[in-house]
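The structure appears right after this line, and notes come after that.
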Amino acid sequence: MGSRFVSNEQKPHVVCVPYPAQGHINPMMKVAKLLHVKGFHVTFVNTVYNHNRLLRSRGANALDGLPSFQFESIPDGLPETGVDATQDIPALSESTTKNCLVPFKKLLQRIVTREDVPPVSCIVSDGSMSFTLDVAEELGVPEIHFWTTSACGFMAYLHFYLFIEKGLCPVKDASCLTKEYLDTVIDWIPSMNNVKLKDIPSFIRTTNPNDIMLNFVVREACRTKRASAIILNTFDDLEHDIIQSMQSILPPVYPIGPLHLLVNREIEEDSEIGRMGSNLWKEETECLGWLNTKSRNSVVYVNFGSITIMTTAQLLEFAWGLAATGKEFLWVMRPDSVAGEEAVIPKEFLAETADRRMLTSWCPQEKVLSHPAVGGFLTHCGWNSTLESLSCGVPMVCWPFFAEQQTNCKFSCDEWEVGIEIGGDVKRGEVEAVVRELMDGEKGKKMREKAVEWRRLAEKATKLPCGSSVINFETIVNKVLLGKIPNT
């Protein structure tokens, strides 16, 4: 991917600032690694809370870094409790907005005075951490915003202000959240066709005009227009029309994904930089050995991501629905995946499925999805999971939880034709039916064929040296980070 820099004096210095949740940290780490390969000195800024979690999950030396790839931390402003701070997104968003600017500014002031690192020359910040813009402007350096959502999800967020102006949000009270309301056709977001209000990110469905997430999204979407450029973890063939529509209302937008494919092409897994990880949970790799014993396309992979919370009743419906399929399955079940209590599976279920299932608390998902034994994915439709599934050619059963997962579900099922949605009020009979359809049915067969085609296009986008995402990454490095472009 182009030339490398050599001496420390020449090195540009990028500061990478992810939003402090797992689904944001992982893709930012990939961007940071790719920039390091390009010759950048990297400072990666976690919150103190996540910095300490990474040390616990990956070992005491996990964040020692390299001379040219260093880790720093700033407080998130939340009180120290036994509760996982990354799970309460409204509290986390409110706190980072109010409390992170001053510590971040002090951190950069300290870095600037150091003689053993190059001067800070650019910032890559999560789009939801826009307080960093104030510091970038003060330093006079370019800042790229990395929105870790799909382009369709991001496009919806950009138009949240119009929902308020049109009186669609907030609603008077919960009784207004009717089927008729949710089926309201939204035909005024550019390049998003056949979309209903129920397909828009969940933060829009509120009764509170002071709703933290509603106002947070509106604010961050507005402030992102001050960035030098915007990058998205998607690829042009997948979301071309939406990305083109963004170009007229935002700074230059560059799709540079799927990032995991780009990283796999550029960085050796067992190299020093390749071994750097960002998982807040300890990965259990035994599942890969288990998958090695299974037939091609025979296993259902089940993972609802790092934030999804369900009730005990929902957990049981999924469990018994999966049991009824007779299929082999690998289920990632976080201990905190059930609201207010530890996830507990009935002994009867464990006994009935003993010879055809594996349960784990966290896993190396990219390796799991690319394993030939995996034939389907029961997912919450988080964007990292959706994109990884698409680029591995694996069709999905979609159970969106919150944020833009509803939008990802809509596009996965109707536009990209790789998903089947399951109702929010999950029932074991429906779980059994859709999983059987996914794995054995005619619709499932067509979805798998479509997923394989998306895999081909994802690989094409990240193929060296001329894939569209490869070229876009070169452009953001050379035109934006190494030579500030005008904010258009």
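For all residues, glycine too, the Cβ spot is worked out from N, Cα and C.
Listed in Swiss-Prot for this protein:
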type: BINDING; residues: Ser306, 363-365, 380-388, 402-405; note: UDP-alpha-D-glucose binding site
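Long-range C-beta contacts of Glu404 (UDP-alpha-D-glucose binding site), restricted to its own chain and to partners at least six residues apart, with a cutoff below 8 Å, comprise Thr149, Ser150, Cys152, Gly153, Phe154, Ala156, Tyr157, Pro201, Trp383. Cβ environment of Gly382 (UDP-alpha-D-glucose binding site): Gly23, Gly305, Ser306, Ile307, Gln405, Asn408 lie under 8 Å away, each six or more residues apart in the same chain. Comparing the binding-site residues Ser306, Gln365, Ser385 by how many other C-beta atoms lie within 10 angstroms of each C-beta, the top residue is Ser306. According to its DSSP assignment, Gly382 (UDP-alpha-D-glucose binding site) is coil. Long-range Cβ neighbours of Glu388 (UDP-alpha-D-glucose binding site) (same chain, at least 6 residues apart, Cβ-Cβ under 8 Å): Pro258, His260, Gln365, Glu366, Leu369.
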